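Colleague: I have a structure I would like to understand better, so I am pasting it below and will then ask my questions one at a time.
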Amino acid sequence: MSDKKIKGLEWQEKPLSDNERLKTDSNFLRGTILDDLKDDLTGGFKGDNFQLIRFHGMYEQDDRDIRAERLEEKLEPLKFMLLRCRLPGGIIKPYQWIEIDKFAREHTRYQSIRLTNRQTFQYHGVPKGKLQPMHRLLHSIGLDSIATAADMNRNVLCTSNPIESELHQQAYEFAKKISEHLLPRSRGYLDVWVDGKKVESSDDLLKIEDEPILGKTYLPRKFKTAVAIPPLNDVDVYANDLNFIAIQDENGQLCGFNVLVGGGLSFEHGNTKTYPNVAYSLGFVPLEHTLAAAEGVVKTQRDFGNRSDRKNARVRYTVQNMTLDGFRAEVERCMNIKFEPTRPYEFTERGDRIGWVKGIDNNWHLTLFIESVRITDKPEKPLMTGVLELAKVHKGDFRITANQNLIVANVAEQDKAQIEAIARQYGLIQEISKLRENAMSCVSLPTCPLAMAEAERVLPDFISELDKVLSKHNVADESIITRITGCPNGCGRAMLAEIGLVGKAIGRYNLHIGGDRAGLRISRLYKENITLQEIVNEIDQLVARWATERQTNEAFGDFVIRSNIIAPVVNAHIDFWDATKIIPTTII
């Protein structure tokens, strides 16, 4: 970490968090993980290794549904790992999917592939003894899980735009370049998981390894990046630490990016020093300076981000402490160029185009709605087998979207009928409401250790209840972006929803409303600590008013603000916790 100290960074006078010691002592992220892999007495990892595996894309979890039962039997919790693959832009080849499916069926507790809103897949329930075989499998098919968790740049998102195929390809290539450029240089991942090579001392490593961008202690906290192609904001570009908005020239070619920083949706119940936030614009950079801008933002966060209090360590808090102008100046110093003024752009929607769409290259793309985003086989819905059968015949690629759906991309005209027939045979094509189409949740129980309430498992039935409400008020064809997250950590991006539920306790949630369709506005707390049925009753009353009092084409989130049902969040660091402090301009 740099020894630079500037006004507003009082944290530098405080003790560092223990995570900083952990990273320093880790032998460039190797730790003693190899020793733990040989320990058959526990299904988990000990000491620092419990956290270090996160830098390799894994979390230790247990099945909370049976935790109490196992404790009564004097057994440790049923421990296993979550694996999150690194998949910039969400693109995966059919041959890779076939191998991923095989491992999930044979070696994971839940025999499922979970799609995430970070455009990748997760394995849940991987036993410790299968971790090295899993990583070696990924490596053999050109994949890995490096830096998909912990204090590094995580999986880079990119708009899944199947229509503008040329522009999407250009933006996707930059998403891949950004991901590769910001990866750790350490061979720790390969040494532990692929080669199985033990390194004894960090002294020798210092001679052969360096982290010129991330630094020896990496970043202060998680760091998320997205690339968006207007007018579609499917990646929720305002919700990330670093964001690139694609700008086209007069010929429709990608000419550069607007760069935004300081988005993020996590907060802590009752902790007014934490808040969700939409990103701020630094300005525009031409294509040739894209990687320099990414590196400059990362280095600024590396040097000035809070390493004392991890709850205030994301980029938005660094921007608040340095001021936006101060943050911009440091990024410009790092990249040795100035930002140009922000170029005009507009976002109009966030949802996926479910069903078939034709690209400008005449290829077809089929977007499949995956409810609860867990691809598994059930008697009435053998979705996992269905996707596997698609992978066996598909000649294009798959794209996991930031809305947790799956695109069968680049289907030739002559192959379209076969792809559709398979998808219909296995229940992958279905008639659903607009409300369900735009609903999303995090994983939550039973595997997430942070979960305070259900999310993934209650979302389908909750949406069914809201569908009844919309039908009752004759707005069944309308869309309201609805999201549930099991805790305030933000994984379900509920704070950018028109209706957002944040878990508070088992069976109880905080209800937030007032986000907008384009993902530009944070929602505000409306009712606290209430049940799902109470939430349905509240939404019933609000939808009744919306159906009769709204203006032409007025979205639900816009209506509740215009009608003064709820005050907008204007400057989250000032007014998220107290609507009486709303002021019209951002002061940071």
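Yeah, the Cβs are placed from backbone N, Cα and C, and that goes for glycine too.
These figures come from a predicted structure and were not determined experimentally.
Feature annotation from Swiss-Prot assigns [4Fe-4S] cluster binding site to CYS442, CYS448, CYS487, CYS491. Sequence annotations record features per position, and here Swiss-Prot assigns siroheme binding site to CYS491.
So where do these features actually land, and what's packed around them?
Modeller: Non-local neighbourhood of CYS491 ([4Fe-4S] cluster binding site): ASN117, CYS442, VAL443, THR485, each in the same chain, at least six residues away, with C-beta under 8 Å from its C-beta.
DSSP assigns CYS491 ([4Fe-4S] cluster binding site) to coil in the three-state reduction, placing it in neither a helix nor a strand.
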Colleague: For CYS448 ([4Fe-4S] cluster binding site), which residues of its chain lie six or more apart in sequence with Cβ-Cβ distance below 8 Å?
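Modeller: The answer is GLN61, CYS442, GLY486, CYS487.
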Colleague: On the three-state reduction of DSSP, what should I expect for CYS442 ([4Fe-4S] cluster binding site)?
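Modeller: DSSP call for CYS442 ([4Fe-4S] cluster binding site): coil, neither helix nor strand.
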Colleague: Given the recorded [4Fe-4S] cluster site (CYS442, CYS448, CYS487, CYS491), which additional residues of the same chain have their Cβ within 8 Å of the Cβ centre, ordered by sequence?
Modeller: VAL443, SER444, LEU450, ALA451, ALA455, THR485, GLY486, ASN489, GLY492, GLY503
Colleague: Return the single residue from the binding-site residues list (CYS442, CYS487) that has the minimum number of other CB atoms within 10 Å.
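Modeller: Counting other Cβ atoms within 10 Å of each of the binding-site residues CYS442, CYS487, the minimum falls on CYS487.
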